[in-house]
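**Q** Quick paste of what TrEMBL says about this protein:
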COMPBIAS  113-131  compositional bias 'Low complexity'
COMPBIAS  704-720  compositional bias 'Polar residues'
COMPBIAS  725-741  compositional bias 'Basic and acidic residues'
DOMAIN    408-664  domain 'ABC transporter'
REGION    112-131  region 'Disordered'
REGION    704-745  region 'Disordered'
SIGNAL    1-31  signal peptide
TRANSMEM  339-366  transmembrane segment
TRANSMEM  787-807  transmembrane segment
TRANSMEM  819-843  transmembrane segment
TRANSMEM  864-891  transmembrane segment
TRANSMEM  903-921  transmembrane segment
TRANSMEM  928-952  transmembrane segment
TRANSMEM  1018-1038  transmembrane segment
Amino acid sequence: MVSQRTTGRSLTARTSLAIVALALGPLLASAQSCSNYGFQDPSNSSACLCPPGFGGATCAQSACGGTIFDGSSRSLAPASNGGFSNLTASDCSCVDGWTGEGCNVCTSANACSSGSSKIGGSSSSSSDGMSGVGLNETMVCSSSPQVYAAGELSCDVNNPTLQAIYPLQSTLNILRTLNASLSPVSNASGTTLNPQGGSSTSSVFAQLFYAGVEQFYCSASPCTQSQSQSSSSSSSDSSSTNTWTCQNLQCTCITNTSFCGAVPITNLTSTINDLGGTLTIECGTDGTCYFKQSVLQNLFGANGLSMQNCKYGECVTQDVIDTSSSSDSSSGGGGGRQLGGGVIAGLAVVAGLVALGLAGIAWGWIVQRKARKVGAGEETERSGNIAVSWRDVSYFVQPVGGPAFAGLRRRRTRAMGDGGNERTILDNVSGSVEPGQMMAILGPSGAGKTTLVELLAGKHKSGVSSGTIAFPSHTPGTAGESDGAPHIAFVPQHDTLPPMLTVREALAFAAALRLPESLPGAQKRALVEGVIERLGLGAVADTRIGTTSGSGGGGGAGRGISGGEARRVSIGLELVGCPDVLVLDEPTSGLDSVSAMRVVSVLKGVAGDERNPVAVVCSLHQPSSQLYQKFDQIMLLAHGRALYAGRGAFAPLRHFAHVRETQGVPVQPYQEGYNVADYLLEIASDPPVGLFGAAATTTDINATGNSSPSVGNGNRSSGSLCGVKGEKGEDGKGTDEKADGDIEAGVSPAGVRKRVRRRRGKYAATFLTQLEVLCGREWKILRRDKTLFLTHVLVAAVLGVFCGGLYYQTGITIAGFQSRVGCLFFLGALVAFSSLSALYNIVEIRPLFLRERSNSYYSPTAWLLSRFLFDVVPLRIIPTIIVSAVTYWMAGLAHDAAHFFKFLFILVLYTLVMTLFNFLLGTLFYNGGIAILISALSALYQMTYAGFFVHLTSIPPVLRWLQWLCPLKYTLEALSVNEVGSGLMIQDTLQGVPVDVSATLIMELLFGFGVNNYYRDVLVLFAFIVGFAIGVVGVVWLKVRERR
């Protein structure tokens, strides 16, 4: 304690003198300059306070012999021929108890005790050096890497690369000062333990000696010391690692020494003088230390400059050791490694995404439960009982050519109010159909049949429309649509069906998405069974649909049900939604007479439903005589105009006979026994001009309903598919209130689209239900069609073995490192090209999506999410994991789990990027060939700008900027940085010179990758994922929609 008080008074006196010297300023200025970061002695302006082991007027001479307690009286090594102190040439030997270059490291407690007694310190010692526990004033020599006050270490530097240039012995001495006031050496004359006179109590001072001559010196402060324990896996022994982390590193090269200019070709002056930033010194009990700084790590690897045969020695009293040990014990056992900022940020992002996903699921579940508790209400009331009437419907299209400006011309035409040069498809067509009636629209090819039924169904058309469509018997809000729009079902001419599902599964899928959420599952299943029975599909209910003409995605499905059965399934998909009006486009085309009759009979039953009669409108190309008689009303079109609209059967014959007799129009007479439909088509194929004017009167009369047959015409079915919860009460709206509830909608494009969007803006099922049902269908398809999945897995395994064999156990030479990067590049290119199948899948499934979206089955977002889940996981991520795992370990890449999973993480991110990119192309371009071409060309572009084939800095500036748009560039850089981050060292020989440098240096020289860019690349890949995902969602919502 007396020694500590004496030391404190001495420091106080020196501090006072320093303050006086600063106050006097110029009066005490001296031309004296101090080397080795010494500083002027406040008590003697002509002398310098020097670090231990140095002396002379400028601290430039190395001590020779003696001890660190000798201070300014210590003998110095004389200058050699070059003018520098040379410890080797001076034959400076150490006295007993001291070792290391310059004799600054103690080896015994007696040496510390005798040296301390010379400067008035404690003279007691412990004979065994460290056994004097409890003897507070006992002077000991601590030989552990840990520092208690101020400790010296001296290490040999045996780096092969340095030795190839500087073959003689290199030694690094380091003074680590934790608290100078606790060290007895602080009392030595002319000595400082804090170079540069800094105010910080913790600092590091290092000097490198080459062949006994000091080459450069460094200092850094402030510093922190930490201790970590590690256990050996092969024994119970444990070893400790002492780590010093210091800031503000600076180094000074001694001019004209071997390292600093004596040999110009190997002059390291600029490199050494530029060293800065953070310094880390790690020392273990095995006598190995690592001098780590960013530049040195780039040159020599993650461990920086490695040192061997390190000798530790610190003269310190036992009470300081005891105090430090108890402090370490009381501070807890938190010796674990702290997480880096990048890891914490990554975990935060993952946690945020998981929380967002869970919140979305919870919100969807709440909405779903709420919807299912609605119970009986408007959504479950009666369907059907709605008539459809259209008046003066016209439709025009632009001439062929210049589609890019078609939208501009349409807008201009609407503004002008005329048709311009537009082609007329429909010209003032009028008609009506009552509930329970079937209308057949007849006419030759090009007469406008399909256009008319599509307008009646409210389909999006690319041309210009005019006229009105009305639903005279419809009361808003009573037909299962809260917005007052009737449910119009449309069956297109071509069957677009899911080939891998059975008939029952396809109908159940439609029922789950098109019927109200509040309807119990048992009722939905009962409705599906009723549709199957009514359509006569019981025999094939559990048969896969298979490939049919126009099916959306054949996959691995073979031939399934027949064409007539497929047509009835298409009708059934609309019937399960309980439509108010059913519109069909040529439902009998491509069918034999028996199948066609069966389809029409089904339609007849649907129209004549006893409780829910439905108005049915369908276009027919060339019906048989028996088929023709099934229809209640007939409309005959020719050149876009109606020649007849009225009752069916033989009524058209009487009409045309009446026109011929009364108006003298040259209409050919009907021959008895001839098919009425064929007779009408012959008239429409080459109609007399006067027939158009005669047809107008008939159409107008029929539109009022005067010539319509009674709804109760005896063609009703006794069963009802879409039942009701209950009949209307006395306060319900009856038939007398139809006029008040009539709805009319203009069929101009704006009017039609507005009406259709209003109805489709709300889906019958909630988003979570949509996602569940879609995922269920995708899972069934994946289980039944394993071809694509197994092919991806098999190809991934084969390519993994091939790539692993090609780069098997890659070496650590320069050529071997280039092969390592080549292996990583190969994997990235493989991901880019294998993701092309995602594009093909989108193109293949798009027709089915268009049909289901146009019928408001589900939200495009739900469809995209289900497609993404069942495409990415089985076809992208699993194969990527297989090929990566096989290649990684066969190629001998970084052999630890952390770097493997970081490697896998990057490849998965790149897989997601390329999958979404191909999703974007598949949705953006209707022509799959164009999309595949662009995807292949983009893969080649990425390979060019990845940095493997050409150094990015050598690309002309006018083209160099394209690298920032290349996902493969970020992927390859992150993979390479991860590989060299494992501490990979390059060991090679160039022209007889051994090379042992960090792979980081080779990576930067050959490829220009940044060593600290891993997490930046991760963020950029995430940005690509988000950008492409937003692009896909936007394109699907705005562009991928049915256009007719």
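Cβ atoms are placed via backbone N, Cα and C, with glycine included.
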**Q** If you average the pLDDT over the domain 'ABC transporter' (408-664), what number do you get?
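**A** Across the residues of the domain 'ABC transporter' (408-664) the model's pLDDT averages 82 on the 0 to 100 scale.
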**Q** Sequence gap of 6 or more, Cβ distance under 8 Å, 3 or more pairs: do the transmembrane segment (928-952) and the transmembrane segment (819-843) meet that?
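**A** By the criterion, they touch.
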**Q** Within the same chain, where does the transmembrane segment (1018-1038) have neighbours whose Cβ lies under 8 angstroms from its own Cβ atoms, ignoring anything closer than 6 residues to its ends? I mean 6 or more beyond.
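**A** Cβ under 8 Å, 6 or more out: 346, 349, 860-861, 863-864, 905-906, 909-910, 912-913, 916-917, 919-920, 923-924, 967, 970-971, 974.
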**Q** Using a Cβ-Cβ cut-off of under 8 Å, list the residues of the same chain that are 6+ residues beyond the ends of the transmembrane segment (903-921) and lie near it.
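**A** For the transmembrane segment (903-921), the list is 827-828, 831-832, 835-836, 838-839, 842, 864, 867-868, 871-872, 876-877, 880-881, 884-885, 888, 893-894, 931, 934-935, 938, 967-968, 971, 974-975, 978-979, 1017-1018, 1021-1022, 1024-1025, 1028-1029, 1031-1032, 1035.
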**Q** Please give the sequence-distant neighbours of the transmembrane segment (787-807): residues at least 6 beyond its ends with Cβ less than 8 Å from one of its Cβ atoms.
**A** 555-556, 819-820, 822-823, 826-827, 830, 834, 837, 841, 874-875, 878-880, 882-891
